[in-house]
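Copied over from Swiss-Prot, here are the features:
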- 15-22, 62-66, 120-123: GTP binding site (BINDING)
- 37-45: motif 'Effector region' (MOTIF)
- Cys197: cysteine methyl ester (MOD_RES)
- Cys197: S-geranylgeranyl cysteine (LIPID)
Amino acid sequence: MLQSQPIRRKLVVVGDGACGKTSLLSVFTLGYFPTEYVPTVFENYVSDCRVDGKSVQLALWDTAGQEEYERLRPMSYAKAHIILVGFAIDSPDSLENVSTKWIEEINTLCPNVPFILVGMKADLRSDPVAIEEMRRRNQNFVKSQQAELVAQRIGARKYMECSSLTGDGVDDVFEAATRAALTVRDSENDKSSTKCCIIS
């Protein structure tokens, strides 16, 4: 019996610079946590997954969160099936930017593509050094309940948390993302992706 071809899906990860996007993808695809921060311009990975008995080839697109790459980033949205919108648990500003920047960009470029809100660096809530740093900056970690409310308000499929450092929740994020991507038909996606190719 011939093996059927895997279903191909494209996942794009967006969010502020240094919020943990590249680490998340590295841990999921390569199995290691990068120890040095190097700003991403564009990185692509491919992962073969099995979800609900279906073989899925997931193309993973990492994007730059920094402002200097804003003219390039829209290209990465073309033909996306699912978007992960990331923020760092230790950066309330990065969650604020989800509502004020990232969702606006997604709704403009890919209005029909589902997205999941992902709180990254969840391990820092119990890290003594991080706790002290947040106290020194007079800031609080983002609470799960806060992020849940944001997810509901912006129309995210769901809210999830993970830690790339410990690996907690990483596989769950990609399993949920793959499931959501499988609900998108390519014909719908092609209509919305025409907007994704416009560069001004």
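From the backbone N, Cα and C atoms, a Cβ is placed for every residue, glycine too.
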According to DSSP, which kind of secondary structure is Lys21 (GTP binding site) found in, if we only use helix, strand and coil?
helix
If we count other C-beta atoms within 10 Å, could you say which of the binding-site residues Thr63, Gln66 has the fewest?
Gln66
Among the binding-site residues Ala18, Ala122, which residue has the largest number of other Cβ atoms within 10 Å of its own Cβ?
Ala122
Which ones in the same chain are close to Gly15 (GTP binding site), with CB under 8 Å and 6+ residues apart in sequence?
Lys21, Gly65, Leu84, Val85, Gly86, Phe87, Ser94, Asn97, Val98, Trp102, Val118, Met120
I'd like the number of other C-beta atoms within 10 A of the C-beta of Lys21 (GTP binding site), please.
28
Averaged over the motif 'Effector region' (37-45), what pLDDT does the prediction give?
74
Using DSSP and three states only, what is Gln66 (GTP binding site)?
coil
